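Peer 1: Sharing a structure with you now.
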Amino acid sequence: MFVKLNVILFVLHCTVAQTENHDWDLAVVTNDQIELLLSNGSLIGSAFEQFSKLKALTFDNVRHQFVVSDMDQQNDTIFTVQLTKETDITPIIEDLPDDVQGLAIDPITDILYWTDSINRTINYVHLNDSTYKSKILFAFTDENPQDVTIDVCRRYIYWTNSDINKPTIERAKLDGSGHEVLVDSGLHRPAGISIDYKSHRLFWADIKEGIYFSIESTNLEGKEREVVHEGTHSKPFGVAVDSDAVYWTDINNNVLWKISKDDTDSVPTRLRHFKEKPMGIIAKNVQITSFPDCEELSKAVSSYNRSVSEVFKQETDAEDTEEMICLNGGHMTDYNFCHCPRGFAGKFCEISLCHNYCVHGKCYSSSLGYPQCLCLKGFGGKRCERDVCDGYCLNDGVCSRAVKAGEFPICNCQEGFTGNRCENALDMCDVFCQQRVNGLLISEEDVLCRCVDGLSEAVKSNYSSLALLSPSREHPQFIDHFQDSAFLALSCLVFVMLITITGLTVYTCLLRKRPRIKKRIIVNKNVPLTYRPQPPAEQCEITIENCCNMNICETPCFEPPKLACLQNKNDDKKKLLSNIENGEDLY
């Protein structure tokens, strides 16, 4: 018995030791857990499954802890997840806006940085301070910070600005000084960003317009720009770099991609397909502590006196290596997942979109692949869930659903009610007959109220116009029109027009009356007409009125051509000399 117990303890010890010492290369957050992978994409374990929806991720090489952002309904919470035996999950910052896009930690000073796209800020907090009071490093007005990374060796912070009007790649020192823009051209919406400590280069993903994207690189000063890869139908989110390759997560296809840094002709390799959207990704990069320019990090690792043994849940890809079979006519794609035909969904195309969709009808798939319903008679609604007779007939009327599609149901009304929905009461004839004389004639389509000695009788059952017979709907009198604003406005307009016409008429009549011009000329019989005689001599006096002959009168004509009356020239001569005696002697 003692020997068996020793054997069991030895096996458990070996298992735990293997769990603690087995190293991982990459970590990816997917929905509610952190998946630990090798550089070839193989799953070796996971860390905790207690989250709601993980997004951003970073790792502290000194304390061997993850820092993640978890989206919970409307808010984000930042947690530290330590892989050692001593601690577990600890919330750091709670009730953040639901837009923490990037996380980065400085393991030397134990300061955490993150981006807030809603408030357009880059914030930080000291993790060695138990109060966890956050502060603002940068507050922008025309930038939208996306992802962030830290150059631990050279003490810089880099971030991507995904503002659609002016996207950039920027950096600053960890204290906020030395802010500069490294790249400001050829960008559309830069996303994830990471640092290659081996080649001293910066890598980022850029989501281009339409279906395009690119993975690009520069040196740490923003020079020597290169395009690592350009592709389509992919939406990168997180980027990570190790000594050999560049990795990025694709949230469109739920895939982790890898491409070589040194081989410019290489094509991306599909490392892993996830059930959920892969978001943040980091590479462990434990070898950077041996680089000459990272002495401070090496000292921080050496001075850390706590346990660094990592413990996580071991997992394998055994169940993922099984051959996938696509159902309902689906076919396998190059990415090793099923492309489903119209009307089906699921990992194996096993879910019919029409399953239990229509309540009282037949389901079919539209041209866009959405389920639609053909309802049975008497039912309506998007899913045929509504009875057309529900609340349709009023006043206790009995509804009949035996109608054609698209038609209204039929109501059988109780005594004393009528109308399509039994909404009209026949006792309205009583109200009418009490205020009208006997007899009434209405069109044949309407109800006829016959009034005899104050009693009423409804002859027709179509009650559509009976409301017009109520006292409140009598024919309007002439005095009622004065309460109509349109009638008053039209009356004022007519009155103003009459005043205007009258004024113009009076002005035209006065315009025709011109002043009468009189000029007297003394004429002597013995003196030519053009000579002005002296008063003592024998003379005669001529009065000329309205003269327009300049040779005789030397007076301008005041009569406008349009208003002057056309006269004969002979008449003018007669008028000029009508008062001269013996006018023939002048000639």
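Note that the numbers count up from 1, one per residue, in the order the chain is shown.
Every residue, even glycine, has its Cβ placed from backbone N, Cα and C.
Per TrEMBL, the feature signal peptide maps to 1-17. The annotation repeat 'LDL-receptor class B' is assigned in TrEMBL to 155-199, 200-245. According to TrEMBL, the feature domain 'EGF-like' maps to 317-350, 385-423. The disulfide bond annotation in TrEMBL covers CYS340-CYS349, CYS389-CYS399, CYS413-CYS422. According to TrEMBL, the transmembrane segment annotation covers 486-510.
Give me the lay of the land around each of these features.
Peer 2: Within the same chain, residues 102, 104, 106, 109, 111, 113, 115, 117, 122, 137-138, 140, 142-149, 205-209, 217-218, 220-222, 225, 236-241, 243, 246, 248-249, 261, 281, 283, 285, 288, 291, 294 sit at least 6 positions outside the repeat 'LDL-receptor class B' (155-199) and bring their C-beta atoms closer than 8 Å to a C-beta of that stretch.
Along the repeat 'LDL-receptor class B' (200-245), the predicted structure has mean pLDDT 93.
The local packing around CYS340 (disulfide bond), expressed as other Cβ atoms within 10 Å of its Cβ over all shown chains, amounts to 22.
Secondary structure at CYS399 (disulfide bond), taken from DSSP and collapsed to helix, strand or coil, is strand.
In the three-state DSSP scheme, CYS422 (disulfide bond) falls into the coil class. Listed in sequence order, CYS393, LEU394, ASN395, ASP396, GLY397, CYS411, CYS413, GLN414 are the same-chain residues six or more apart from CYS422 (disulfide bond) with CB atoms under 8 A from its CB.
Counting only same-chain residues 6+ beyond the ends of the transmembrane segment (486-510), none has a CB under 8 A from a CB of the stretch.
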Peer 1: Which three-state DSSP class does CYS413 (disulfide bond) fall into?
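Peer 2: In three-state terms, CYS413 (disulfide bond) counts as coil.
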Peer 1: Same-chain residues six or more away whose CB lies under 8 A from the CB of CYS389 (disulfide bond)?
Peer 2: GLY378, CYS399, SER400, ARG401, PRO409
Peer 1: Between the disulfide-bonded residues CYS399, CYS413, where is the Cβ count within 10 Å the lowest?
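Peer 2: With the disulfide-bonded residues CYS399, CYS413, fewest surrounding Cβ atoms within 10 Å: CYS399.
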